[in-house]
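J.: The structure under discussion is supplied below as structure tokens; questions concerning it will follow.
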């Protein structure tokens, strides 16, 4: 049975590893999924240069683990068609040199996707390489697997070992996603035993971490605790898991805080709450990076936090959508009030002259 332990901030230089347990001093890692998982579900497509600028702004705001794109068929996900152009941009090359600890993972849904990445890496050799990490994904339910991957969960898992083997030979580490871990739009509630079994198989294949996704945002803290306890019971260490929450029912932050207290070391977030789920109408986007940081930095946030919030404003404007981050909107409101106060004060001073 997992026990709760509060975690407190430690003044590290980057948001990606900005928080740590007071007992273990192990940092909480944030994985920014906005440029990939977020944008692929947005209606407005962005050109490659805007995506590159988004990644640059995120990295220079303090994030060090930023999903850069996906090698998926442009027929099904046209928003990701520019991933090769993004990865090979001079701007990202400079970022990789400026930040040696930077990771720019890409999603590789199948062997064809990995082949495309392999070709790109061979055509553009660099030091550091274009990327050092890929992500794969499976679903925890049969209904979601058929709708999203057109295959069963078992067959989906069976297709992955060659991808793991090839990635290992190329020096690419592998992160795995499991979708609909707490509820499915087709199959309803998902049994924790099913999720734990899938996660265990992925770790045994060689995944360094498995991200558990509450894809339709129906989870509550008690459900997450039951799931994590089942994972531990099946030999899946919580230290190898990440929490990927959506905020459909407004429980994402409470779920994340609970998961962190139970030992989850990694949280997936999306700037301005970009994203959604095409197979779950009404489901809102990923939990926002800004909201998670504000909740975790309970004893104060660094001055560079406003810079990150500005990135959320910027990308929301480019997409022509409202900023999905509650904290981002609040920070903007505070800034506008302060600007009005200063303008009013300046008018008073001018009147005295």
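Using N, Cα and C of the backbone, Cβ positions are placed for all residues, glycine too.
Just so you know, TrEMBL annotations never went through curation; they're auto-generated.
Owing to the predicted nature of the structure, the values given are computational and were not obtained by experimental measurement.
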J.: Scan 1-27, 28-54 against TrEMBL and say which stretch is down as region 'Disordered'.
T.: 1-27
J.: Could you check which of 292-322, 323-353 is flagged in TrEMBL as region 'Disordered'?
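T.: Comparing 292-322, 323-353 with TrEMBL, region 'Disordered' matches 323-353.
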J.: Taking every residue in the domain 'Pyruvate carboxyltransferase' (28-311), what is their average pLDDT?
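T.: Value for the domain 'Pyruvate carboxyltransferase' (28-311), mean pLDDT as a whole number: 94.
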J.: Which sequence-distant residues neighbour the region 'Disordered' (323-353)? Criterion: at least 6 residues beyond either end, Cβ under 8 Å.
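T.: Non-local partners: 271-274, 284-285, 288-291, 293-294, 305-306, 309, 312-313, 316.
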J.: Which residue counts does DSSP give the compositional bias 'Basic and acidic residues' (331-353) for helix, strand and coil?
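T.: Within the compositional bias 'Basic and acidic residues' (331-353) the tally stands at 22 helix, 0 strand, 1 coil.
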